[in-house]
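All remarks here apply to the structure that follows.
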């Protein structure tokens, strides 16, 4: 029996080898042929990766050790740009702002997206309409969303404070009070959570119904079922979105730039709204300190790498992977 | 932010993509092929009749004043094929074009950028151009020429001339029983009292601002009023001059007494500057320092009930002052047809061409059944002739007062001195003002700005 079981894969391999042409060139020839075919198929990606990703990354690494400024002579400056990262107070300020924003946005975004996905999962009629409606903001240009929210969140005449006023709440100056700038940015970012909602919705649909039924038979209520059935079963999806949303939050640029650093806003922007990517952009394309901006980019790359590794290490202990017996 | 969209993108990619393109293109940019069909190529005397193509960057010129002057050039030089890259000047686009060896022949930008670009050798000295095309630089206002001159070399030909004066909502002022003369910048205590008297608030909502000091962008104006020079003649920053610190503290206090910065800015953000609901027509701001172009915008709000008047901005001795802004033409390094570029600059800014522009504006005014509010150029003779020939009494006395106030300010305006670190100095003082408005002490803010600007200046000076 054991021998038969051991032999089964070999039979299958032989069968595949024959079907895919291994019978003509022998085993090694077939593998080489398959390898060439695989390389051919992925070559567009390899080309794109080398030319548009790996190459530019290497160039930016080299530039981070120079004083490149788009024009004029370029000279090597050693580690001066990296030392400047430590001495420039605005680097620390922008990093701090970015971390606070990410700390606000990622948990809030996860909770809101999960809540909306659970509502969508329950919708029977017109579910397609609601799913489309929730995903539509994802298609809205970030610049348009930023401009729209500047009006909505205006502390003196905005709709948000007007609505709060109906309930006797005196809303803050969302877009001008330094204490509210980062929470406002996090709120605006919730506008485009459509992608995360779709991922959660798919994960929720994959939770086996019999698990809920079994839990109900054991007397578990909705809250208990959520924490002991639903959440563990979708923990893989949640983990994935937490990682990717963290990366996206640390790279946040478009809405902060539109709301606080556009042509009409840049002169009044508070340092409290200066996120890291905006400061990087300013150095690169307003002050033309490309070398320094490259060093900034690499610093953020390392920070993101470290955070992601930590998240993976911690997350692997918390995430339930079906079939792995964790 | 689109979270899923950015999933697998690592930070350096966006930047490095741009960098690679630039880097592959080479740094510096060569002279390229000479596309000039004129008598001179790049580096020559730039004399003679131009021909060939002329590529221009940063010039919109969509209105009648722009179009009539473009027509003046194309009529004078039919051999030149003009290619305009419509839209505002974009520093990133411009520098990338220069560094990739494919610069435009001509660029149109703010005059305050000239120092930075001259120091970086991105724009060419115009010595040959001025001589070759026989441009009379004496026809331009000295303050405008000063702002396009770096290290005693002319790098730009100035075009428009933007000055400031106090524009006032006379209706609100009258209702409050305040004399327009109370809107002045000589006696700061008195202005403080006037602003506070005119300010209106209901709960946490501002109803009306008495006097908007227009911070942060008007900080150089307040420094000038108090006698401070933010950029010294050699281009070095002087941001924490005690007089500048005093000016910033005072202007900030005006904001603080009128609702505080966060409410004040939110209130200001809600304004429709260009429509009939502009703050002077709607009565949401009683007075502020404003630029000359705005009178042309306000003209359309008379039917909506606007009652305008104006007073000059003075220093603390009572002398009229104003900061100066405006645009300039410049020839980038590596331009392929500098002769045509030079001829264009001369034509676009000549007295004769400005008169044609005024004629076009008058035709438009007639068509709109409106009135002429003046044309403010860097060309002294053009301004005088246009004023004499076309400017008549406006149907509204308040507009006459405002227009005359702007004309009276022209020769009193001064620009910040050009600096090789102009962009960084600008960024430093703007951040400082934002910090002060956010609650930081004015001196501490400007000390920090001075430190940042000095570092940038020294680095720029070293090249």
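Just so you know, glycine gets a Cβ as well, placed from its N, Cα and C.
All annotation found in TrEMBL is predicted automatically rather than curated by experts.
Values in this document were obtained by computation on a predicted structure and should not be read as measured data.
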From A:263-286, A:287-310, which range did TrEMBL mark with transmembrane segment?
-> A:287-310
According to TrEMBL, which listed range is transmembrane segment: A:73-95, A:142-164?
-> A:142-164
Note: vs the transmembrane segment (A:37-63), the recorded stretch with the largest number of Cβ pairs under 8 Å from A:99-121, A:225-253, A:287-310 is A:287-310
Surrounding residues of the transmembrane segment (A:225-253) on its own chain - C-beta under 8 Å, 6+ positions past either end = 98-99, 101-102, 105-106, 109-110, 113-114, 185, 189, 196, 199-200, 202-204, 206-208, 211-212, 215-216, 275-278, 281, 300, 303-304, 307-308, 311-312, 315, 318-322
Can at least 3 Cβ pairs under 8 A be found between the transmembrane segment (A:184-204) and the transmembrane segment (A:99-121), with each pair 6 or more apart in sequence?
-> yes
